[in-house]
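Engineer: Pasting a structure below so you can have a look.
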Ligand SMILES: [Mg+2]
């Protein structure tokens, strides 16, 4: 591939409903898109999943722009790229900044797949024709509101329900959900809201047949999670703690989790995501693909990685219409009976719609070798 230019865009798109984080709530989501164009004029697309403030990880939209502009794009321009799988090694002298790396690497993967006439899923080695997806529901004002939402999304066919929990919104909530939906595939995500001292309380969740509890303890911990897992029969799934295949290996060997949530951006790109998948497949650890409120571009990357055989649990990649009035890809991501068909067209299989992107672009810059 001979790369002629890279364009960074910052988009601001309105969500259908406010998203609540520890920094407050936001309705407008800012994110970066990366377009990598080769000398023949073919473009590949990637999305950064970094948020505007560092509540999920240390990366933000602003830090990603800086790292892409000043470090990653210059590294990309230094030598020709034969295969996108080379990039994670070329980016490795730069510590972390995984979401920035992933955005650029993802665009090159899409470009490579388009140029070689294969779907991105196939280029990654995926064989599934469709994937199963679930839905994630945030903390609600009342249990009645939560039950109403679960009822609606279960009727839409989503294959599992994920409920966010925190101290004061946990045991009673899960108990009520189970009472109303005894058989629904159900899991809880704590986003690091507990400490090991809460083990006795978390153990009460064992009574409700949860598929897993996601990231109960600190965002950077694997030691206390191992101690907690030894006390729980509910499988622990790690999200925030896993940044690489090496992190995954250590967590598995310590017994810190029985399931891993793979987010492409958190682990530095599709190549590292596939590495974690391969390791987990080998060790008998099921994986699934988490969501970061992506636009259609990021959503398409999630769909492609989920086509790999070890993604045996439903992921968080809901329909475009769950988050956006109108997505920036055509067709939009559609969920039918809890399933998404994996596109067969070359590359992402969803076309970016430039005029819709332009409407939401608040900053853009093009770089040339
Ligand atoms: Mg999570």
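Note: Cβ is positioned from N, Cα and C throughout, glycine not excepted.
TrEMBL: automatically predicted annotations, no manual curation.
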Engineer: Among 170, 239, 247, which residue does TrEMBL annotate as binding Mg(2+) together with 189, 214?
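Structural biologist: Answer per TrEMBL: 239.
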Engineer: Taking the Cβ of residue 189 (Mg(2+) binding site) as the centre, how many other Cβ atoms fall within a 10 Å radius?
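Structural biologist: Other Cβ atoms found within 10 Å: 24.
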Engineer: Can you check how the pLDDT averages out over the domain 'Mandelate racemase/muconate lactonizing enzyme C-terminal' (143-235)?
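Structural biologist: The average pLDDT of the model in the domain 'Mandelate racemase/muconate lactonizing enzyme C-terminal' (143-235) works out to 96.
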Engineer: Identify which of the following recorded positions, namely 164, 189, 214, 239, 263, place a Cβ less than 6 Å away from any atom of ligand 1, and list them by sequence position.
Structural biologist: 189, 214, 239
Engineer: For residue 164 (active site, proton donor), identify the closest of the recorded positions 189, 214, 239, 263, judging by Cα separation.
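Structural biologist: Of all the candidates listed, 189 is nearest in space.
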